[in-house]
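Chemist: One structure, pasted below without further comment.
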Amino acid sequence: MSAQLIDGKALAQEIRNGIGKDVEALVEKTGVRPGLAVVLVGDDPASAVYVRNKKKACDTAGLHVADYALASTTKQEDLLHLITQLNTDPKIHGILVQLPLPSHIDSQEVLNAVSPEKDADGFHPYNIGRLVEGNPLFVPCTPKGVIRMIESTGQAIEGKRAVVLGRSNIVGKPVAMLLMHRHATVTICHSRTKDLPGMCREADILVAAIGKAQFVKGDMVKSGAIVIDVGINRLDDGRLVGDVDFDQVKERAGWLSPVPGGVGPMTIAMLLANTVEAAQRVAQR
Ligand code: GUN
């Protein structure tokens, strides 16, 4: 059997086209143009690429982008001061602080400083709390995209066994919450899980977010499963691969998302969606 591809790139493009229309409708009706502040500190090359792609997607969909590229030596207090300004800037509806921040900066303090109402990444403790309650304001972008990709298969989530590989605050934990709220039976696995391959083989839905290149092999996947690959890893030969061994797993899975062209473009589309939703909330007040 060969898995059906979950084409994140095409799905994201469709969503972004819809967002572009929503933006113009909002501007026409209320005069409010959704605005995203993108804050990048330092010169991490991967972050620079992510931020460039996010800004480009915003431009294309008609969002206002305020770009803040700060030196790696930026002081914590200056970054906090900028965020305080953005929190009250009426042109800005979403604030994105690209992670990781340089090591001299206390990332948690910075994320806590973002107004929960402008927290387009959904990383503020208030938004994490709302997510856990099942009453989210902002859902983190990658997890939101993962759910949209699973839904795109047309398969029910309710009653399924889902395994999430990885327990990060950005992906593993929120994906698990979202799946649980959709009535899947969810297991979170990590580096200290016993019999991890056996756990994975039980999964009707497998989400891999552990940051290990090609970790999920064909014999770890249940026949017909939905497999979402959140990983982005660079091999020594320069190739970009996910956490899933694509060639092996495509022979067993029912559906499989590729890397690149899977979760990555969906994360960006969901960032736009979150920013537009924030602007719509402001316009409704
Ligand atoms: N770094 C890696 N992924 C993300 C993300 O989704 N948002 C932000 N702000 N930084 C990241």
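Including glycine, each Cβ sits where the backbone N, Cα and C put it.
Look at TrEMBL and you will find 6-121 tagged as domain 'Tetrahydrofolate dehydrogenase/cyclohydrolase catalytic'. What TrEMBL lists as domain 'Tetrahydrofolate dehydrogenase/cyclohydrolase NAD(P)-binding' is 140-281. Taken from TrEMBL, the feature NADP(+) binding site covers G166, R167, S168, I232.
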Chemist: Which numbers of helix, strand and coil residues does DSSP report for the domain 'Tetrahydrofolate dehydrogenase/cyclohydrolase NAD(P)-binding' (140-281)?
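Modeler: Computed counts for the domain 'Tetrahydrofolate dehydrogenase/cyclohydrolase NAD(P)-binding' (140-281) are 53 helix, 26 strand, 63 coil.
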Chemist: What residues, ordered by sequence, lie under 8 A Cβ-to-Cβ from I232 (NADP(+) binding site) and sit at least six positions away in the same chain?
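Modeler: Within the chain, I232 (NADP(+) binding site) has Cβ neighbours under 8 Å at L240, G242, V259, P260, G264.
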Chemist: Report the same-chain neighbours of R167 (NADP(+) binding site): residues 6+ apart in sequence with Cβ closer than 8 Å to its Cβ, ordered by sequence.
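Modeler: K173, I188, H190 - these are the non-local Cβ neighbours of R167 (NADP(+) binding site), listed in sequence order.
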Chemist: Between the two most separated Cα atoms in G166, R167, S168, I232, the residues recorded as binding NADP(+), what distance in Å do you get?
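Modeler: Taking every pair of listed residues, the largest Cα separation comes to 16 Å.
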Chemist: When a 10 Å sphere is centred on the Cβ of S168 (NADP(+) binding site), how many other Cβ atoms does it contain?
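Modeler: Here the count is 16.
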Chemist: Once near-sequence residues are set aside, which residues in the chain of G166 (NADP(+) binding site), 6 or more away, have Cβ atoms under 8 Å from its Cβ?
Modeler: G172, I188, C189, H190, V207, A208, A209, I210, G211, V230
